[in-house]
Amino acid sequence: MSCTEAPQPIPAGTTTTSTIIALGPTGRLSISVEGDLECLVCREPYNCARSPKLLSCQHTFCAVCLKLLLYVQEDTWSIPCPLCRKVTAVPGGLICSLRDQEAMVGRLALPCPEVRLCPQRLVGSAASATRPANWTGEEEQDTVSVNRVAARRLAVHLLLLALVIVLILPFIYPGVIRWVLAFVIALALLMSTLFCCHPQSQNSNWLCPRTLFCREQKQTQITSIA
């Protein structure tokens, strides 16, 4: 009478390594090792700089850790295995002369799916996410206020110019030229006054340089954040 023992549960936190044997298309056996693709010493994942190297005891570690463990013993460069303490000779002290763990190198060489990013869409989404709801209203108010100030300055300058012309022209240009110049100055003064009283009549698409500069600065800040 044979008794069967129940399998013991594996404690939590234990890292297991499974080996899968499959029949390849050529009729040969292909062995794939599944485990953590990281060094057992530094716990860093294997990559081009930390290539997995195989010691004589068949234990695998990254090239960086093996280079730190390299020492000279009896005029020979050697590396003690951190697990079993077996010494592996390294010809010339070159870590690259050690064999690579082909199973792990093959898994590292698997192509990863490419992720394509569109900077224009990222900037657009970030700008739309950070732009407040009253963005257009603030821009229109800034444009109207700046245009109003500019029109007032123009009106003051034209008024001063008209006073100067009225005082100087009788002594320099008598006759019809004086009245023509006075009419032109009065017309310009009237137009500037209309602009001051009715700034909404201007096209809202005409933005002043200060508003354009502020908009470009905000867009630059949004792009840098994205």
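Backbone N, Cα and C define each Cβ position, glycine as well.
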Quick one: sort out which of 39-85, 180-226 is the zinc finger according to Swiss-Prot.
39-85
For the zinc finger (39-85), report the average pLDDT of the model, please.
87
